[in-house]
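Noted in TrEMBL for the protein shown:
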- A:Cys91, A:Cys96, A:Cys133, A:Cys137: [2Fe-2S] cluster binding site (BINDING)
Amino acid sequence: MEPTKAGQRVDLEPLRRVLEERFRPRDYREAQELVVGACQEAQRLFGWVPPEAAQLIAEHLGVTTNRIYGLLTFYADFRTEPPGRHFLWICHGAACYVAGAGRLVEFLQERYGITGQGTTPDGALTVHVFNGCLGVCDLAPVAQLDHHEYVGRLSLERLQALIAELQGEAQTEAADGSTV
Amino acid sequence: MGRLCDRAAFEQYAAQAEQRWETLWSGDRWVISVGISECSIAKGALETYRHLELLLSDGHIPAVLRRVGCAGWCFAEPFVEIKVPGQPPIVYGWVTTDRVPDLLDALRRGELRPEWALGVRAGESWQGIPALRDHPFLRSQRRLLLEQAGIIDPESIDDYIATGGYRAFLKALFEMTPEEVVNEVKTSNLRGRGGAGFPTGIKWESGRRTPAWPKYVVVNSHEGEPNVFKDRRLLETNPHLVLEGLLIGCYALETPHGYNYIGGEHALALRRFQKAVEQAYELGLLGDNILGSGFSCHVRVRTGGGAYICGEGSALMYAIMGQRGQPRTKPPRSVEEGLWKRPTVLNNTETFASIPAIIRNGGSWYAALGTKESTGTKLVTMQGPVRYLGVAEIELGMPMRQLIFEVFGGLRDGYRFKGVQTGGVSAGPLREEELDVPVDFDALTPLGAMLGSGGFVVFDDTVCAVDFARYLVAFSRYESCGKCTPCRLGTPALVEILDRIRHGFGRPEDLDVIQYASKHIIDLSLCGLGQVAPMPLLGMLERFREEFIEHITERRCRAGVCPMTAAAPIAS
């Protein structure tokens, strides 16, 4: 699903349905246990966790929005800002490091000012340096595109080409007006 | 399929499952199994599967197409196992979609394509193809947890039951008291597989002794270290094994509350475990009054969102409770006050997966495996430029040299061994001359190394020791939860010093500052992860001191990795 843009009204209906179907705590303890899972659902639906969604989850599970914000900013996988059109996880596990992922991470920092995570200025691509192991070490250094496709044995040139390709794609999409 | 109401009903169900399993393998149809796990999906296993599906759809080959889990040989993914009637099953590696038609055609003509075969899954070689167990990667392994890996379908409870699954749970439930279960685990001397190596039986016993109720049993499937991927592979390939271990754990603690905490980024492992739980509920192996025994058990799956710290016991419990996953001071230990302030027994995924075999075969049988103090088998992963990259299961006590150069096949051509980083980000490396040390819980510690959760990284001489140390400490800096000062401020300080050295601005006294700052972090940090954060740096410094000094005095990085931007010497 296309990520929701900032400033755009968020349609909470799908989230409300999921919450009512699958997040039905039997007591206050279970309600608290379900908060993180509910936020993950929201992020799956919207691409990030908009404040409205956080508010809805808070009301549904009987916790404060404040608490939810605390969780969203604690866990690295959650986004409190809308992501770009594409999402790239660059694995920064030890296998990838040994195979030269450090250079890729440095490049992102020098070229786009992205440390840890960030979006390219044209909004085409959100890059997240994955601090941990994606577990696909045979393809090191590896990246995961849009949560399903893997790009392996990355060199600096291949990463640059990939980013350029994704930026080009995003531009065409924007020009077509197919989305937004 | 309804809920099974007693033991006899289960036996009957199991007999049927076994028979179906038997028929599958002795029938007159081909059996084609494709390994589908996160690592093989990355290398195109789904495409291979779809291609096979398409080619088989015309019906020329009567075949059963199955999905199985990962078998540990990441280097040969995507793999396909093909059993032609009248032949033993042959495992083929590197079957990308372009090879699929070729392979099927060849097999129909009766050609075996031995050049693509990893081996034949039988006792001995067949038609010139060696037996799988004689493959150099598998020859020295001892597989208990991975015994059925790549053979059964992880999403089928019937496959698991047909190959002996849930018998250990039934044995515990109907033939043993909870105390006997704990004693059996104590006899086995099974030590926690998460890293600390605390004896599981003793933990369970103290959990039993604590009078508060309810109690909780929690599986720690959060794998946040940058160099370990064994738990998710285990969950992807045999989730029911972990679930059975958890059930036995709940029975031993006499509690109906079981949890599994799986990191949200391990999507496939999460999905498959959830599915296993659903299937067990449907069959009546979970829920109220299991098989009429009066014992009830409910398993809940919880996930987090990417924080290494959540692998720490108390942090994990806060994470389950929907709070920021930050550790707390101990005591009280979690077996006294854990989840919801109740006694909680927390063990690693692999620990729970070891339990069924212990109950089935007895604790003393298990204790005979491995060494005296470190019993049993261990899943290990080896990363870096090794030939047979993947997950292996070895008996503890195997020399490190054998592990690297035999099981994992040594380094690929063109790479020269420099060292092996041990214990994730919690310990130091070993050099070539130290490799004869046995891989177990105790032998590595005096060398400043550690078994940890079994993640090793081999590095060659294109990796700079300073830069690698910086990488490992920077990981801890990034993942520091920020609760206690020594870790929150200490790890950035170490990274800063290392960055200075990397850029050629290092000062001779920096090495002393590193020692001094590290001591503070080690002594004063709140949780285990903070206390070991400087260990990789201290280990690197001890093993490769000359490289650090070279960086500082000569401004030279022999691996050519560090930026070295310093122009003029700094006045001291």
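Placed from the backbone N, Cα and C atoms, the Cβ positions cover glycine too.
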Cβ neighbours of A:Cys133 ([2Fe-2S] cluster binding site) where a neighbour is any other Cβ within 10 Å:
28
Other C-beta atoms that fall within 10 angstroms of the C-beta of A:Cys137 ([2Fe-2S] cluster binding site)
31
Chain-internal residues, separated by at least six, CB under 8 A from A:Cys91 ([2Fe-2S] cluster binding site):
A:Ala101, A:Phe130, A:Cys133, A:Leu134, A:Val136, A:Ala140, A:Pro141, A:Val142, A:Ala143, A:Gln144
Excluding its own, the Cβ atoms lying within 10 Å of the Cβ of A:Cys96 ([2Fe-2S] cluster binding site) add up to 29
Need the DSSP three-state call for A:Cys91 ([2Fe-2S] cluster binding site) to compare against my parser.
strand
